[in-house]
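Q: I have a structure here, written as structure tokens, and I will follow up with some questions on it.
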Amino acid sequence: MTESSSENSPENSDSQDSSLENNTGPESQDAPLHRRGIKSYVIRAGRMTPAQNRGLDDVWPRFGLTIAQGRQDLDALFGRQAPRVVEIGFGMGNSLIEQAQTHPETDFIGIEVHAPGVGKLLDEVDKRGLSNLRVYREDALAVLEQCLPEGSLTTLQLFFPDPWPKKKHHKRRIVQPAFVELIRTRLMPGGTFHLATDWEAYAEWMAEVMEIAPGYANTATQETAPYVPRPTFRPLTKFEARGEKLGHGVWDLIYQRQD
Ligand SMILES: C[S@@+](CC[C@H](N)C(=O)[O-])C[C@H]1O[C@@H](n2cnc3c(N)ncnc32)[C@H](O)[C@@H]1O
């Protein structure tokens, strides 16, 4: 994961350029990134702690999901009907764990490619005895497209996605028209797409993409539009807390599926 969007971030390294050259597939510019061979993330080797290894090895069989399982029947998966929240790119999972613990009446699905984060989340799920959380260790775009049923989600959360600040890397930003349209189809009518970033230029990019995306309405009031005040229900992540100390601003956007 990218611990900070402004420091140590993979997008600041020119070594990433080669993956952009994969953008040669037959899919049109309107297709979601994964169909065009573009990744919104970088998988980096990192040391795993014993707890993270335990999460991946011992807890995964009970809570891990794979693309190979295909389209999920979420009522069967969780054994009940409930509001359903998906978080894309949960990092080390602080926000997701806290929400799952404070909202036992809601089911949560986390999607993250970063192995230490997935391991940490699973270890916490087990330690806290949670039954309302499942996890994919896959590209979120493929999961949305192939595994999550249309109209099935109450909320989709995208908190502090990698900002890819260099212009030549903007095509790696996960927020793109095809991505937000894919999300719209997975939300139930009235469901919400919540984005947050501490990178002002990315906040503006998000607003630009979302304001012209068909089938969404911004929930912000005139005073703060296109942004909403930081919602108290969004837990503070380690990442955001560090940004706050450094004086970074944070921008939240919440859009509702209209049709
Ligand atoms: C800057 S980090 C933020 C992590 C976390 N949301 C937080 O606030 O601490 C962005 C995360 O998104 C993940 N990510 C980026 N693109 C992804 C994708 N297509 N599928 C799954 N995870 C992705 C990265 O691995 C990384 O951990």
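FYI, residue positions are counted from 1 along the chain as it appears here.
Every residue gets a Cβ built from N, Cα and C, even glycine.
Curation does not apply to TrEMBL; its annotations are automatic.
Quick caveat, the model's predicted, so the values are computed rather than measured.
What TrEMBL lists as S-adenosyl-L-methionine binding site is GLU87, GLU112, ASP139, ASP162. Sequence annotations record features per position, and here TrEMBL assigns substrate binding site to LYS166, ASP198, THR237, LYS238, PHE239, GLU240. Residues or ranges marked as compositional bias 'Low complexity' by TrEMBL: 1-19. Under the heading region 'Disordered', TrEMBL lists 1-36.
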Q: Can you list which of the binding-site residues GLU87, ASP139, LYS166 have their Cβ under 6 Å from some atom of ligand 1?
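A: If the test is a Cβ under 6 Å from any atom of ligand 1, the answer is ASP139.
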Q: Whose Cβ lies within 8 Å of the mean position of the Cβ atoms of GLU87, GLU112, ASP139, ASP162, the S-adenosyl-L-methionine site, other than those residues?
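A: Nearby residues not in the site list: SER40, TYR41, ILE88, GLY89, PHE90, GLY91, ILE111, VAL113, HIS114, ALA140, PRO161, ILE174.
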Q: To the nearest Å, how far is the Cα of LYS238 (substrate binding site) from the Cα of ASP139 (S-adenosyl-L-methionine binding site)?
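A: Cα to Cα, LYS238 (substrate binding site) and ASP139 (S-adenosyl-L-methionine binding site) are separated by 23 Å.
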Q: Quick one: of the binding-site residues GLU87, GLU112, ASP139, ASP162, which has its CA closest to the CA of PHE239 (substrate binding site)?
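A: So, of the listed binding-site residues, the one sitting closest to PHE239 (substrate binding site) is ASP162.
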Q: Within 10 Å of the Cβ of LYS238 (substrate binding site), how many other Cβ atoms can be counted across all chains shown?
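A: LYS238 (substrate binding site): 12 neighbouring Cβ atoms within 10 Å.
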Q: Taking Cα atoms as reference points, which of the binding-site residues GLU87, GLU112, ASP139, ASP162 is nearest to GLU240 (substrate binding site)?
A: ASP162
Q: Would you mind ranking the binding-site residues GLU112, ASP198 by how many other Cβ atoms sit within 10 Å of each Cβ and giving me the lowest?
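A: The binding-site residues GLU112, ASP198 were compared, and ASP198 has the fewest Cβ atoms within 10 Å.
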Q: Over all pairs in LYS166, ASP198, THR237, LYS238, PHE239, GLU240, the listed substrate binding residues, work out the largest Cα-Cα distance in Å.
A: 25
Q: Taking the residues the record says bind S-adenosyl-L-methionine (GLU87, GLU112, ASP139, ASP162), how far apart in Å are the two Cα atoms that sit farthest from each other?
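A: 14 Å is the greatest Cα spacing among the residues binding S-adenosyl-L-methionine.
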